[in-house]
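Undergrad: To start, I am sharing the structure in question, which I have written as structure tokens.
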Amino acid sequence: MSRPIDNIDKENLACRVYEVTGYRFRDLDLLLESLTHPSLSRESAANYERLEFLGDAVLSMAVSEMLYRLFPDDDEGCLTQKRTALVRGSEVVEIARSIGLGGLILMSSGEMSCGGSDNPGTLENALEALIGAMYIDGSSEDYKNFIREHWFSRAQRMSSAPPQDPKTALQEWVQSRGWTVPLYKLVSKSGPEHKPVFAVEVSIQGHGSILGTGSSKKLAEQEAAKLMLKRITELPQNGASNPEYCEKK
């Protein structure tokens, strides 16, 4: 009995991936694995989870090297903050959407009907898996070229000064207006052990609450703070802009 995954035209899939990434896969089975959602695990022996684990590390390594060369005067702390900003889930998802990756991910009809092809977690995992597959399938320059194409301009836009983390920015912003300090609450922890997803809620008296997610409690707090900062600084009576980054004085 054939499985749904057996009916995939691998050559066509490889051509479509080449169109959006500029990379032509040699090992089509590896490519197929990198784009197979876990919802097809019953029909397919492999899905993208293992490659996503690898791709996450490969992306971090490549971005680290990029930042090391771009900012020769930055210390370890500054470089780490920049890397965290560049490889966080929201950035990866934005790039995945920009290349139309959702339309290439193979998943069950049930997952598809629930909007799985545009699910942020799915897009993040699939793009990292695709990067992991490039790392195995090609040369070091192949995956680096793809990462440079989509991350280099983002890195260049960062100043040589360390970015101010959103949690600190939010704290300073509310204190300058005499508001009560933000309160953070861990709401949930989910996902696999190698890539957990934390959900943290930040609330400010009189201004409601908002939820942020991240691969650690700290990153989830930062994401929640960033979203709250965006909300309160866009209030009509404030007319301020989001100070996500600040220059050294």
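Cβ from N, Cα, C; glycine included.
In TrEMBL, annotation is done automatically, which means it is predicted and not curated.
Sharing the record's features from TrEMBL:
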type	residues	note
DOMAIN	14-139	domain 'RNase III'
BINDING	Glu52, Asn125, Glu128	Mg(2+) binding site
ACT_SITE	Asp56	active site
ACT_SITE	Glu128	active site
DOMAIN	165-234	domain 'DRBM'
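Looking at the shown structure, what environment does each listed feature sit in?
TA: When pLDDT is averaged over the domain 'RNase III' (14-139), the result is 91.
In three-state terms derived from DSSP, Asn125 (Mg(2+) binding site) belongs to a helical segment.
A C-beta separation below 8 Å, combined with a sequence spacing of at least six in one chain, links Asp56 (active site) to Glu128, Gly132, Lys195.
Counting Cβ atoms from all protein chains shown, Glu128 (Mg(2+) binding site) has 27 others lying within 10 Å of its own Cβ.
Within the domain 'DRBM' (165-234), the DSSP-based counts of helix, strand and coil residues read 28 helix, 21 strand, 21 coil.
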Undergrad: Specify all same-chain residues, apart from the site residues Glu52, Asn125, Glu128, whose Cβ lies within 8 angstroms of the center of the Cβ atoms of the Mg(2+) site, ordered by sequence.
TA: Tyr48, Glu49, Leu51, Phe53, Gly55, Asp56, Glu124, Ala126, Leu127, Ala129, Gly132, Lys195
Undergrad: Which has the fewest other CB atoms in a 10 Å radius around its CB: Glu52, Asn125, the listed binding-site residues?
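TA: Result for the binding-site residues Glu52, Asn125: minimum number of other Cβ atoms within 10 Å at Glu52.
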